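A.B. asks: Once you've had a glance at the structure underneath, I'll fire off some questions.
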Ligand code: SF4
Ligand code: SF4
């Protein structure tokens, strides 16, 4: 196939996935959360069980006035939502969905690329908080930064363990080296990675940076309309990316029965299940306090990930 | 301390998951109407045929949100040489439901059973002034007043029934004494028995009224002790 056309097709495909999956996760969150609380959730928009609720929300957001506070740093303020959202789009390009090159673009150091990009997403909320000229926003942004510092390390360590196991940092390469017994072997690393990812996305129970009962909505306090919607979308895109990444790194991505033909389906199913867990955790657990949050990262997650690396190293030496 | 660390965390997850598999408790209100318990305080209906314009309700209302206007009409004497009768005629009866706090005092004090609770609750308006409802609307709401529920199985007997039964018993006892007394004149037992029979009939009627759900007024009569209205009326009298 013509390489340009091929690239354009892949880009369009990734874009479509990027538009559809976060909305699906958002809608699932509406419904799952409602039913976990004994409610029905949205029922009217779209007619059938409120399937179009997020579309209606989007229309509402578009209609709202786009306000920039007087004291705000205009350019940075307006740029922040894009900085928050775009990294996830870029990450999605590098995640292999199925075998035989079913991936937006093959990046050689895919694992590092992906992790670095996910870290950039947090920059968006930092920019937003600093540019808003609002003390709540600033507090939220600083909490985001502190959280990023604390949780990036265990995440990287946990990911490094997988890279060690596979002997490569390319995501498709990682997947082709995968065996089913990696799942128990890398279990601890997977848990650490997933938890740290949740914290980095500022999802409950790690949503201290947006703790609405203390600092209104953290870095996003001053945002309205479409820019606010972009931040929300970034959160859901982040969930999709985190879940996809966890399933690729620790659950074998497209591996499964008949993976030759329906491998992409396996990736989707695993991602969906993890997304459900993300929602489930949000419904079940209260928010951690800031000091608990930090303590959890430094005294639990980092030792655990170091242990995982040690375990990986030992097993690797034994089997080689 | 939980036996296993993390036991509480797992429990939290289990609770939410279990709730997800259960039926939700949400009522889809406009589609399915709520099942209201008897004596729900939705709105106040006016049975204006019963109203004598005594003004008790308006005076007792803590919010002063009942507006009554009336005039006097005289009816000519029924018989030649008799006295003219005057009676009150209701001109306006309105309740301002933007002020009403649904305390139910007006309904309690009305001595003529002209006010009732209706469970009707869908009368929201977009303008607060339209919440003052006039007598025709209040009268219309009377049709939505449900029959009062039957008394609880172990409930105290209504005072009216108790009083009627007591007088019947007394009369019956007198009649028995009269029958047993040999030197009594023949006419006496008959005259004693006559009112006794009448009283029994009255009691029967009363019992029927109290249990017959159709006759809301009579049932309310029967179930509501009239005695505690005395002090309230006195208080009303002291008001300016
Ligand atoms: S319910 Fe209470 S507040 Fe309302 S009209 Fe009757 S007495 Fe007044
Ligand atoms: S208390 Fe009863 S009878 Fe008297 S004015 Fe009010 S509604 Fe009419």
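Using N, Cα and C of the backbone, Cβ positions are placed for all residues, glycine too.
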A.B. asks: Which stretch does TrEMBL mark as transmembrane segment, out of A:204-227, A:228-251?
C.D. replies: A:228-251
A.B. asks: Under 8 Å between C-beta atoms and at least six residues away from its ends: which parts of the chain pack against the transmembrane segment (A:76-97)?
C.D. replies: 10-11, 14-15, 17-18, 68-69, 103-107, 110, 113-114, 117-118, 120-121, 123-125, 127-128, 130-132, 171-172, 175, 219, 222-223, 227-228, 230-231, 233-234, 237-238, 240-241, 244-245, 248, 253-254, 263-264, 267-268
A.B. asks: Give me the stretch from A:7-26, A:153-175, A:228-251, A:296-319 with the greatest number of Cβ pairs under 8 Å to the transmembrane segment (A:263-284).
C.D. replies: A:228-251
A.B. asks: Under an 8 Å Cβ to Cβ limit, what residues of the same chain, 6 or more beyond the ends of the transmembrane segment (A:228-251), are close to it?
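C.D. replies: Hits for the transmembrane segment (A:228-251): 18, 21-23, 25-26, 29, 57-58, 61-62, 81-82, 84-85, 88-89, 91-92, 95-96, 111, 114, 118, 121, 124-125, 128, 159, 162, 171, 174-175, 182-183, 186-187, 189-190, 193-194, 197-198, 200-203, 220, 267, 270-272, 274-275, 278.
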A.B. asks: At a threshold of under 8 Å on Cβ distances, which of A:7-26, A:109-132, A:296-319 pairs most often with the transmembrane segment (A:153-175)?
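C.D. replies: Checked against A:7-26, A:109-132, A:296-319; highest Cβ contact count belongs to A:296-319.
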